[in-house]
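This report concerns only the one structure given below.
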Amino acid sequence: MEEYGDMFGDINLTIGMLSKEDNISKEDIYCHLTSFIQNTDIMDDAIVQRLIYYTSKDMRDEEIPRELRMLAGEVLVSLAAHDFNSVMYEVQSNFRILELPNEFVVLALAELATSYVSQSIPFMMMTLLTMQTMLRLVEDENMRQTFCIALENFSKSIYKYVNHWKDFPYPKLDANRLSDKIFMLFRYIMEKWAPQASPMHALAIIKAHGPTVSLLLHREDFCEFALSQISWLLLQYRDKENDFYITQSLKQILTAAVLYDIALPKNLRRSVLSSLLHQICKVPEPPIKENKLEASSCFLILAHANPVDLLDFFDEQIRSTNEAVRTGILTLLRSTINAEEPKFRNHTTSIEKTVKLVMGDLSVKVRKSTLLLIQTMCEKGYIEAREGWPLIDYIFSQFAMSNRNLENPIKSNSQEDENGEKSVQETSLEVLKSLDPLVIGMPQVLWPRILTYVVPKEYTGTLDYLFNIIRILIMAEEKKKRDIQESTALVVSTGAVKLPSPQQLLARLLVISILASLGQLCGAGAIGLLKIMPEIIHPKLAEMWKTRMPALLQPLEGSNASIVLWETMLLQLLKESLWKISDVAWTSQLSRDFSLQMGSYSNSSMEKKFLWKALGTTLASCQDKDFVSSQINEFLVTPSLLGDHRQGTTSILGFCAENHLDIVLNVLKTFQDKEKFFVNRCKGIFSGKKSLTKTDLILIYGAVALHAPKQQLLARLDQDIMGQILLLYGQCCQILGVSVINKDMDLQMSFTRSITEVGIAVQDAEDQKFQFTYKEMLIGSMLDLIKDEPLNTLASPVRWKVLIAIRYLSKLKPALSLNDHLNILEENIRRLLPLPPLEKLKSQGETDKDRERIEFLYERSMDALGKLLRSMIWDNTDAQNCEEMFNLLRMWLVSQKQWERERAFQVTSKVLTKDVEAPQNFRIGSLLGLLAPHSCDTLPTIRQAATSSTIGLLCAKGICQEVDRLQGLQEGLDSEDEQVQIKISSKIAKIVCKFIPSEEIQVFLEETLDGLETLDPLCTKACGIWMIAALKEHGALLEDQLLEILSTIYHHMPVLRQKEESFQFMLEAISQIASFHMDAVVNNLLQKPLPFDRDTKTLWKALAENPASSGKLMRALIKKLVARLEDDIAGTEAISVACAIYEVILTGAHITHLYPELFTLLLKLVSCSLGQKMPMSTLSQRRRVMQLGERQRFPDPCRLSTATLKCLQAQAMREGLAKESDEGDNLWTLLSNPDTHHIGVCALARSMAVWQHGVILDIMEHLLSSLTSSSENYRITGMAFFSELMKEPILWKHGNLRDVLIFMDQNARDSNAILRQMAIRGLGNTACGAPHKVRKYKQMMLECIIRGLYHLARTEVVCESLKALKKILELLTERDINFYFKEIVLQTRTFFEDEQDDVRLTAISLFEDLATLTGRRWKIFFAEEVKKSMISFLLHLWDPNPKIGAACRDVLVICIPFLGLQELYGLLDHLLERDLPRARDFYRQLCMKLSKKNQEILWILHTHSFTFFTSSWEMIRSAAVKLTDAIILHLTKRYVELLDREQLTMRLQALRQDPCISVQRAAEATLQTLLRRCKEISIPL
């Protein structure tokens, strides 16, 4: 209900829009309303009433466009389905008496009358009365047309009521009253309006005429008037546009006349028939199709009403020679018969007579229409036995006539005439095709006269359907015989018809039967007739054919019957039939009838060729030798009787020789002796009659040999056959008695064919003892013929025929040697495969026929070559010989010329067919490698042939398990999509490679590698795929062949590198081998000289990148490296392994699990190779082009090892196992230098990712052995590494570093300074990693470290000791170091002036730490040491190294309290400022404070300053002079007097010459200060 409400809510909105003035929107609204009203079953009354109001209003509104008013009227009429009375009331209210209504009101009434007949009839009287009052008021043309439309609809409605009133739901009304009003309206219109009506008005009257007259005919009182109006209607046939409506009205009237059984007056009927026939047979302007159909319907109505009158009319009209009239009448007769009007069947004879009147008409249209009418008559049974035969004969005669006219056209014939004749011919065949011979009366008409059309040549084209008709008739008769057990012979009087003889029928049917092998219908029909009519041919044949025919028909059951097999079986049937008949006269007559039918077939037709063979077979079966001899002689003397004299005589004599060899040879010899060939040839030229030549006789002898009984043949072969052939050929090759090479193509072909047939005959004789003495000579002759053939054209079939001849000759004894086989095959291959491409060969032809012939010769020649190779290869039982012969094709299979390659593969595929069997030891590996990759060649023919050959190779070895699957895949290789080709080839490879013998894999790989070098890109890819597939399948079994395979692959590398894709496949092959034999491959690659060349590096990379081998590869290399470093000695092999590892890691191989072991091994290798040189024997011997001035660099083992370790660390960083070194890339330089190796190791150790403590612990475990290694370098490496690890707390926590600590204690005493240094560093770093261990082992550690302070020869050891002490002292108390304090302080002071910044800095910093650890016991001692050290701290405030300056400031701050000089703190704070104070100012302020506090310290500073005047650092010299200046300035008089002024002056004078200007100035200033002070206190200088 909700949907209902929504729907009507939308309608209300729509209706509301109708009140607007927008006409455009109204048009859309009315279209919508029409659809809505028609699709709605229930509508609200209020909505209906509103719609009636608006639609009626718009329909009558003159201001609205006509189209819109029409739409409104349609909506109004459609509303009647919901409320008819309201709609009718609305319309009637606007249809008032004596008041001219709106046009659309009238139209609405008319539409209501036809759409709602039942509801409209009760209102009809009122409507008609009102309309009657309006007619006189109508003046407008459009309004008159509207009233005519209304009259038409009202008449249709009343007519329906009159004839079907019982179906209406209310009591019967008085229809006469309604028809009275219609009569008055119609009469007024016809009298007043019709005479002056315009064309449009007239059309409206015509449309109303039929319904109105049809209605009036039911009233007897109106009948005469109504019929009188028909004449007016016929007179309107003037305008082509109106013809259809006139005929339509006429059809309505005729229908009503038949309904009310009203006979038309004769004259009127005649007029109607003439008018209607004119509508059908209009010539100038073809009738409109609809009008013609309506007129034909009118004729059907008239045929039903009075068939006699209609046929009389047709008989009268058809006698005219008018083509259109005759064609029209024949068409009308056909349609009338098709309508199966019962009354018409009684007039069959009249129809037949009418048809016979036009049988002589030569018009194509009339002939075709006649044939179609006869077809319909036959189908509907309108054929009578007495009169029917001429009609059947007409069908065949028309076919023959059209055939003659097409074969021998008149010159003036146009294309239209030719098309017409073809149309008649096709119609004749179509009539025969549809002819049902069992229709009532037809058997009597047809049998046996239908047989007369079997033999004549002109009816050959009808045999398809003729045989079927005869078969149906005979089978129907046979059925009758079985049903009633008595004969009801079909034979009736044949009249003047002459039936064919049994021999004629047999000859004709047997020859036509040969076409059954081609699937032709007439051939199947002929053999079918022979099967069912043996008694008609000869009574003796019934039983034999009954048993033989089923077997004979078996070959025809398949889709492709073999022509040769079918021909053989037919000839065998003929032989057996003639033997069964055993009647010499009957057989002789049959041979004559065969001869007489020679003209029925063309010379090139299959029927003619079979006829010759059948004739020869008949003569062979004839026992009358004189007759046979005479017939043969006649054919030899007058061969033109046979059509093609050569083929005819050859076939006939050949087949005749099967039973009459002696007769044939004798007649031939007699003819040959008597004939003068040259004279006969001249006569033939002038007379036009051809006679046999020597060439013809050569062919005949070959045919005789082929068909002769084999045992008789061998006895007469040499002298009577071969002797004659060679004699005739020799005579043909002589000019004036001199032998020359005859270039006559016909002679060469005839000779070759004859030799071939002789070879076949001898082979078929199967006499193993027979030695064919002419074999070698004939093969030589054949080779001479093929050698003479040009290599740029293929115009002759010589190659093809010679190849066939050689194939058969080669099989005969005596056998040929291998060299003979190879020479024969090579010569034939060289004469075919290098020919130009087929398209180029074809372009040499001038016509399409020439080009087709060239293509035919090409295909046949290639086929013959393939068969020759197949025969000669597989007939040999020696596998090696077979392979030798196959090798002849090798160069052609990989030819760069696409067409040569295609031919080679086509030949190979013919050699390797599935049914061949190879010798036992025949090897397929090499051939598979050669052939299989071409499954992706450029041409689909090559791809198919290559795959067929591959499958054939497997079958030849007896491997047939996967053949069906392979053939299924092969079909897809026709695709042009390269990806599809590769995919299919890959699938085939996976199957085929399983069957390659393992011992042949090496040669298979050699072939594929060659293919990778030489073939096109797609075949190259296929080579790679096949190679990989083979290795995957057989890789595990290749251990014995591994070295040879690898050597082969390496050999191809330089060339393959130039082809990227090929190179990648080769690398994948190595990887595949390695996945099975990793150790062997690794050993092989490690033997390559160092440094590895590009190819070797690429191989390592390939192995690493292959997922199947990468894991095994790294483990194998690690294993090798472990073995090579077992004695802590780095040999060349170990370096090779490192280089290999470098290439592997460089590919990004994951090393997480192998990293600890690999890292320690490589670090060990670096350590053990320090300072080594590469032995010359291991260096690569390849020469490298060097730039001018460049020196040859030899590889450094340590550098190579370091590079690998560097690569490892880079990968470790990527995997989060290590971090960037603080030394950067300098790390590796340090590491590979023997002098800095330990520094590099320390930096490397610092780059370890301590968060990966598990990894580092594994490294420590592997590296622990280094601490006890016999190699000093390795011990240093281990000690350096561990020294850095000692500072990591997490490693102390999880690892066992206590043992390492012990080793460090021991090594701290070692004679090797670097080892001692690293041990001391490790002890010092222990303070960071394990403070508790320092406190626990403080004595041991302090003693070791302090001992390092005495190693003055190696500053680095001292520096390391100072640093270690500083770290350790930070963890100890003054009590812990009490025993060592003095010694440490004294040793530390000795390094304040060390030249190395690091030592000075560490010493100063350590002194600072010592100050904090000074106990009560050592306080005075330390204060004295501070006084002594004060000069160093003050001067080094301006040390070149800023860090040292800062350290001096810090130590001064700490040490001042020991001297009681706290006043200096403020001064020292100035040193913390951003801008340092000037040294002179600082020193003067310092000295000023000291002078006030402690003059002794100033004096101590002065006494220690002299040593700094000679310092190597300019800044220190300058500072010392400035300090001296400040001291002099602030010394008291007593201390100034104590100065050694002479020495001081001398030293200052020397410094005035110092290279440094600042020193010079300071010295000058100090001298001036000295002079001034001396003056001040009156002391002489």
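Here the Cβ of each residue, glycine as well, is placed from N, Cα and C on the backbone.
Because the structure is a prediction, the values reported are computed rather than measured.
Going by Swiss-Prot, these are the annotated features:
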- 123-160: repeat 'HEAT 1' (REPEAT)
- 305-342: repeat 'HEAT 2' (REPEAT)
- 401-441: repeat 'HEAT 3' (REPEAT)
- 464-501: repeat 'HEAT 4' (REPEAT)
- 526-543: repeat 'HEAT 5' (REPEAT)
- 658-695: repeat 'HEAT 7' (REPEAT)
- 960-997: repeat 'HEAT 9' (REPEAT)
- 1017-1055: repeat 'HEAT 10' (REPEAT)
- 1153-1191: repeat 'HEAT 12' (REPEAT)
- 1254-1291: repeat 'HEAT 13' (REPEAT)
- 1295-1332: repeat 'HEAT 14' (REPEAT)
- 1359-1379: repeat 'HEAT 15' (REPEAT)
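For the repeat 'HEAT 3' (401-441), the DSSP counts in helix, strand and coil order read 27 helix, 0 strand, 14 coil. Sequence-distant contacts of the repeat 'HEAT 5' (526-543) (same chain, six or more residues past either end, CB-CB distance under 8 Å): 463, 467, 470-471, 474-475, 478, 502, 505-506, 508-510, 512-513, 515-516, 549, 552-553, 556, 577, 580-581, 586. With helix defined as DSSP H, G or I and strand as E or B, the repeat 'HEAT 5' (526-543) counts 14 helix, 0 strand, 4 coil. Put simply, of 960-997, 1017-1055, 1295-1332, the stretch with the most CB pairs closer than 8 A to the repeat 'HEAT 15' (1359-1379) is 1295-1332. Within the model, the repeat 'HEAT 13' (1254-1291) carries an average pLDDT of 86. Here the repeat 'HEAT 14' (1295-1332) has long-range neighbours at 1238, 1242, 1253, 1256-1257, 1260, 1264, 1267-1268, 1272, 1275-1276, 1279-1280, 1282-1289, 1340-1341, 1344-1345, 1347-1348, 1351, 1353-1354, 1356-1357, 1360-1361, 1363-1368, 1370-1371, meaning same-chain residues at least 6 beyond its ends whose C-beta is under 8 angstroms from one of its own. Residue counts for the repeat 'HEAT 13' (1254-1291) under DSSP, split into helix (H, G, I), strand (E, B) and coil, are 32 helix, 0 strand, 6 coil. Listed by sequence, the residues of this chain that lie at least six past the ends of the repeat 'HEAT 9' (960-997) yet keep a Cβ under 8 A from its Cβ atoms are 914, 923-925, 928, 932-933, 935-936, 940, 943-944, 947-948, 950-951, 954, 1004, 1018, 1021-1022, 1025-1026, 1029-1030, 1032-1034.
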